Amino acid sequence: MSFLFKRNKGSAHKPTKPNFSKTSTTPSTSQLKHSHESNVKMSTSTVTEHRKKPTGSGSHITASPWSKLTVRGSSNVLPRYSHASHLYAEGGQEIYIFGGVASDSQPKNDLWVLNLATSQFTSLRSLGETPSPRLGHASILIGNAFIVFGGLTNHDVADRQDNSLYLLNTSSLVWQKANASGARPSGRYGHTISCLGSKICLFGGRLLDYYFNDLVCFDLNNLNTSDSRWELASVVNDPPPARAGHVAFTFSDKLYIFGGTDGANFFNDLWCYHPKQSAWSKVETFGVAPNPRAGHAASVVEGILYVFGGRASDGTFLNDLYAFRLSSKHWYKLSDLPFTPSPRSSHTLSCSGLTLVLIGGKQGKGASDSNVYMLDTSRFRLGSVPTTSGRQRNTSFFSNSTGNTNPSAFNGLLTSSRIPSYNGSKVRSTSHPSRQQYIGSSNSRFNTRHQTISTPVSGRASNDLPSPVVPTRSNSSSILQPSYNLNSHSSDRRNTNDDDQSSLNSQQLSNQAKAQGEVSPTLSFVPSSHSMEQGNGSVASANNAQSEAATRSINSISEVSEVRFPEQSSVKTVDERKSLDGRITSVTLETLVEKYSELSKQQIVEWFKSKLYEILRDSASKIDSLTEKLKVANAEKNAALCEAALEKVPLAKHNKLSDGTFSTPDKENVQSTNDAHIMQENFSLHKALEVMRETSSDLDKQLKDATASQKELIVQTSSFQKELVEERERHNAISKRLQEIESLYRDRELLVTNLEDQLVDQTVTINKFAFERDQFRERSMGFENTIKDLTRKMEATDMLNVSLHESLRSVQTENSELVTEMALLKAELVKKQAIIDANANIYDKLTADHTNYETVSADINQNLKETLDKLLNGSSDFKNNEIELLHDQIRITNAKLEKREKLINASKYIEDTLRSEIQEAAEKVSNLEFSNFNLKEENSNMQLQLMKALEQRNTGAKQLVNLRMQLSTATSELDMLKLKLRTTALALEESPDDYSDILSILRADMSPFHDLHKQCGVLIDTLNGVKRGFGIFEKKFTDYHKFLENISDKLKSEEDTSLETPIHENQSIQSDQIKEVGEVLSAIKSLSDSVMLLKNQIDDLAKEKLPLSSSDDEKVNIKEKTDFMKLLVKSGLSNPPAKEPVHDNEN
């Protein structure tokens, strides 16, 4: 579906004229003179005939710019308010109407089109995404796109407002919802939509009690694209105050807004938005600006803004019309226009050429209007005309160039004052004839026929201005009784009884009208040519004419009464009509108060006075004419009587002659002819007298009828005055009642204000809750969407995760086993570390003991040397003592050795306790490690454990290095001992007699040899333990390496290789660690081999036999010494015997 966004920029300034309008050429607006006075002059040189009908139908060309358009099918559309339309008709012919509140007080979403060419409403059945029922929305027509946004769409406060943009293709009648990315303006109502270039601009509006003043734009060129979005206009200065119910329009590529309300204040300011500068500015205006209002309608025609209606701050509906010239920034008030529509708000005003079309609107309670009104803007000329002061009407508004008042203008003036008007078929003069003119007129004025009553102006709807029955100038009293029917509303009435009774002539009436500053309505009747011709005839023809006029007037009154009062249509006689006059008058007076309560009472009183003056004036003129006729008839009668008296004298003479007096023949003939002539004249005079008597009797009857009718009129005037007095009393009572009602209303208003304040507080809280609920809904919707996406993804990944979960379960089980094994290995490593630490302590103790042994051995050697010297030099008596001393020393050394063994046992006990504590700590660590079930964490823990094992291996390696250094020192010392032994053997071979030196060397060197032998044994034991631990560790690592290889082989067959890389990395790291452990084990093996080799060498040295070349005794002694040394060496490897050897006893 494609839209053609064609915007005729000239349509707002140079509109095309519709087909139904025929307008003559008018001067351009540039030729008009502007004025600072707020007045208007209407051009009478141009008359636009909106709906031209035949003259026989009763329609008339009116001077009012307002007119009604008779539309077919309007009952289905109107009354309606808060609907949406567009400012300019499509092609000058069609106006689209959407939504609003109809007569059933329910929001609608129906679509109608008004065709101005055919004057018909047509319902359009649309398809697609039709907007929901709404009111207070905004719309605009651009090309073939009818665009709708916003409106009050929710039926509940908690519901969410619709903030979508809807587009209707007027060619295909298909609705489409615009897809806009990003943020959207919030739903609202009472806003406006305008077009600036290719963008539609949204301004203002309200949402419950919050009013907006943001300007949001939507580019139609980006419709249905990825760039389709709403953009908030960044304004450089402060925008207008927030408002709703305003009007907006574009002119010269600028956006204007006028009026509106923010709930508390009503505005009448005009603001302009400059899109190039992106700034707002308040327009300074001149002239009389409209009152602050909201809910009004406006449209622009040829650079002039027309504003109509709305609702004021006090809640009253308005029907005033204002014009604003955008070039001069001047306001004009177009006041006192006839046929102005009733007050209303929430209506629409569309432009079709030079004509504005008013549709719908909300009115007061009980008021409804189903009419479509049209305003012809070509009738206005915004020029300089002097204004009138006081209550004087601006008659120049309806005057032509010559200054003569035409009937339509006069009719319009009456309509503007809401007094019913009367039009004759031909009107020659609007001035009232004076009483002297009536007296000086001929008898033909008395013979005028009853004129035809004109239909209402323009012939639109007779129910708006019904024509009252006009009384004729007949002699019949029934004809002189008028029946009144007003189409105006009742208002204030003044007490004008003194004025009514003081002046009855036309001069006084005109003076009163001039004093009051008003032009009184007039009735002007023109006599027909037939009645004019018969006015010059005889008295008999005049009587016939009067009788004919009377019968026609009676028939006309009966016809009108049959239309007005159907129940009285059977009454056709004059007597029956007389009986109905009171009923008609009572009915019409009762309807005055009911139907026309809005008109001022002063205007009703003035209207009654004018009608009463007209009736009295007509009756006075009739009475004057009758008196003149009576005077003429009496004069003719007197003349005839005189002539008859004079004729009686020759008649008497003729009678005397006939009695007996005779004359000559000639004289007799002459006299006979004279008598015959006289007799003929007498006969004619007699007939004339009879006619005069008849006429005088008729005149007497007419005079009596006239006097009776005058009396009846006086009675009627008195009754009218009584009714006026009663009406004033009613008015006073009603005014008192109104005051009481106003006081009650004020109290109620206070209560209502309090309730409104409470309602406002409640609505604020409800709005907060609704806002929070909307946020919660949005968040929940987002959460639901994310959950749906996650469920979809989870469903997609479940199939993949099944196999992974199975493999992970197997891996986890195996990994748990590995973790347990690693924990055991770690515990064993901790134990080995503790053993190594204990061995280090023992080694330190051994070094300390070694130093002590060296000192003790030095002392013992020194003592042995001294004793040997003594033995050699001394006698044998001292040998036993010496031997005993040696035995004592040996015992002391054995005791010391036992102490040291106890210390070693204590260290072993401490080592066992430490091992148990380490085992408990290891069990705690294993329990903590079993809580980790994630594969990555377990791998990381394994890596950390391997790193710790490596650190421990490094520390063990360092200790091994230290042991190697100690072993190297021990080997060097062993080499030194070998050298010493070799030197001693060589010395014995060279000088076998020098036993003392050899013995001293042996005594001096046996203790360090014993110590070294003992250290080597301890070192061999520790190395064997370490070798066994590293063997177990190597076995475990080889098993673990095989397990990892099996896992890698399993994972290679599967597609997902997400776990291969870390396993390969772990495998490579562990293989490197295993290699390093293997190297350590090989080093330990080599070290143990070297130690074993050293031990074997020591044993070989111990087993070697030294050559002896001395005597037998000395050889025996040397042998005993060597055996003793062997025993010492054996005591270093194992516990020495507690008892002394046998050879000691022998010695």
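Keep in mind that glycine also has a Cβ here, set from the backbone N, Cα and C atoms.
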| Range among 182-203, 314-335, 1018-1039, 1084-1105 that Swiss-Prot annotates as coiled coil | 1084-1105
| Of the residues Ser30, Ser57, Ser503, which is given the phosphoserine tag by Swiss-Prot? | Ser503
| What does DSSP give as the helix, strand and coil breakdown of the repeat 'Kelch 2' (146-198)? | 0 helix, 21 strand, 32 coil
| Secondary structure composition of the repeat 'Kelch 3' (199-253) [DSSP: H/G/I, E/B, coil] | 3 helix, 23 strand, 29 coil
| said: Give me the DSSP three-state residue breakdown of the repeat 'Kelch 4' (254-303), ordered helix, strand, coil. | reply: 0 helix, 28 strand, 22 coil
